[in-house]
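Engineer: Below, the features straight out of TrEMBL:
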- A:Gly152, A:Val153, A:Ser154, A:Arg155, A:Cys156, A:Gly157, A:Lys158, A:Thr159: ADP binding site (BINDING)
There are 2 protein chains.
Amino acid sequence: MKRSVFFISDGTGITAEALGNSLLAQFDGVELEKITLPYIDSPEKAAVAVQTIQAAAAQDGVRPILIDTIVNNEIRTVLNGCDALKIDVFSTFIKPLEHEFGIDSSYSVGKSHGIVEATRYKDRIDSVNFAIDNDDGARTKQYDRADIILVGVSRCGKTPTCLYMALQFGIRAANYPLTEEDLELDGLPESLKPYKDKLYGLTIDPFQLAAIRHERRPNSRYSSLTQCDTEVRYVEQLFKQQQLPFINTTTFSIEEISTRIMADRGLKRRIN
Amino acid sequence: MKRSVFFISDGTGITAEALGNSLLAQFDGVELEKITLPYIDSPEKAAVAVQTIQAAAAQDGVRPILIDTIVNNEIRTVLNGCDALKIDVFSTFIKPLEHEFGIDSSYSVGKSHGIVEATRYKDRIDSVNFAIDNDDGARTKQYDRADIILVGVSRCGKTPTCLYMALQFGIRAANYPLTEEDLELDGLPESLKPYKDKLYGLTIDPFQLAAIRHERRPNSRYSSLTQCDTEVRYVEQLFKQQQLPFINTTTFSIEEISTRIMADRGLKRRIN
């Protein structure tokens, strides 16, 4: 029996999705159909949403789950017309916060974004540009401006991690691929030596590396298990010899890699 | 009077931060110091966190706010030793869900990630690679594989939006910069014509565009208000003439631009 879950928001829906997915992941064996309804920012749009929700309920033969981060009371009232289990984040937690702060909250639609966006936008763009300009060892002149420089073999996850740190946290992250030539050196490549304090290593299971490289260049030396195994062994030796902090990315998501590195190095987000 | 807010998680802390920031944004004029404590995944780490929290409370002279997404009961018990207002997401919402599903939840640490990560990782990497390979009109041969192709003048927000859609949703997003030469044409550039259905326009306030371009190339023709104004006027004419959907990015965050475009085009996330 399938059951529909709706993530409903007056904004992007990203918070409702993240919270809802975390909660629902605690339930094994329940078959769920997840639907996000973002930008429900008027009673009219809420009325359309109610129709969608009721149609799903009729098809499922069981009442749906609503996980919402709607702030506005008028909109919420319309949604309350549905027969559903409602996980209602704002009305649950706003009251205790009002009591604690001793003031009323501003129950306005989409309040969590707005005024700060212009600065935030600029900082994010700067960080994204920095990550792109300093991707894959493309240049090393800007390393003095970097918050962190990720090092590791080709395709171990450096680029998406740098981009994620830039977009999510405004961190200026560069990355440098350690190639076979680099790994034959005794020590770090010259261009990295002055920035040893900013270096953070990524490593990866050789089997997974071979699978990822195989997608890019099938049946090549580059993607062979022997080659991947050798490179990973060399790179881990280098990290240990140089006493660089490093993380094995094999079982981690990009969010986890990024936040673990930041926690380990005490890097603070530049945007909120 | 400053008050400390702690976002506490056994994982990345991203959900706790997103939820907490949305709630706290409803309170104007409250001075808050926000601290994220991620990866609190053992009672020992929780005990260290409690010390941090209590030290902050002593300094503030007022009890702190804890916003947590901790799943494990043992860890939660340690955190309950703090005198604080606790916004306790899991224990609040898990019970009604257990009741609704008629089964117990698996109260395991960090359960929301794990098994699905390998596939998710690969899909994300593919999308990120796609975004990078197809950034800034670098190539147009892969447009048949694109989910969406963003078009707009230089520095209007195309690249970060594409990267965000790739990382967050696994969407394959390409982008093509409409240059002066393109805008002098009568109609779309040749390389875009076969993909008209995938095109989505971005536009921006000329003043903001000039400010952004000024950062890149100060006091240039490229960053002059006259130039920005002309380009924006041309590009909006083109969007209207070609009946392309478009969005003005000026007041939106990257999350908002991405999710609005996806909602408008009915694009579904490829990763969960």
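Cβ atoms are placed via backbone N, Cα and C, with glycine included.
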Engineer: For A:Ser154 (ADP binding site), which residues of its chain lie six or more apart in sequence with Cβ-Cβ distance below 8 Å?
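Structural biologist: Listed in sequence order: A:Pro177, A:Thr179, A:Arg213, A:Tyr222.
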Engineer: Neighbourhood of the ADP site (A:Gly152, A:Val153, A:Ser154, A:Arg155, A:Cys156, A:Gly157, A:Lys158, A:Thr159): other residues with Cβ within 8 Å of the Cβ centroid, in order?
Structural biologist: A:Asn175, A:Pro177, A:Leu202, A:Ile204
Engineer: Taking Cβ distances under 8 Å as the criterion, give the subset of the binding-site residues A:Gly152, A:Ser154, A:Thr159 near chain B, ordered by sequence.
Structural biologist: A:Thr159
Engineer: So among the binding-site residues A:Arg155, A:Lys158, who's got the most Cβ atoms within 10 Å?
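Structural biologist: Selected residue: A:Lys158.
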Engineer: Going by DSSP, is A:Thr159 (ADP binding site) sitting in a helix, a strand, or coil?
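Structural biologist: SS state of A:Thr159 (ADP binding site) = helix.
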Engineer: Return the residues near A:Gly152 (ADP binding site), defined as same-chain residues 6+ apart in sequence whose C-beta is under 8 angstroms from its C-beta, sorted by sequence, else 'none'.
Structural biologist: A:Lys158, A:Asn175, A:Pro177, A:Leu178, A:Gly201, A:Leu202, A:Thr203, A:Ile204, A:Val235, A:Phe246
Engineer: Would you identify the secondary structure of A:Gly152 (ADP binding site) according to DSSP, in three states?
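Structural biologist: In the DSSP reduction, A:Gly152 (ADP binding site) maps to strand.
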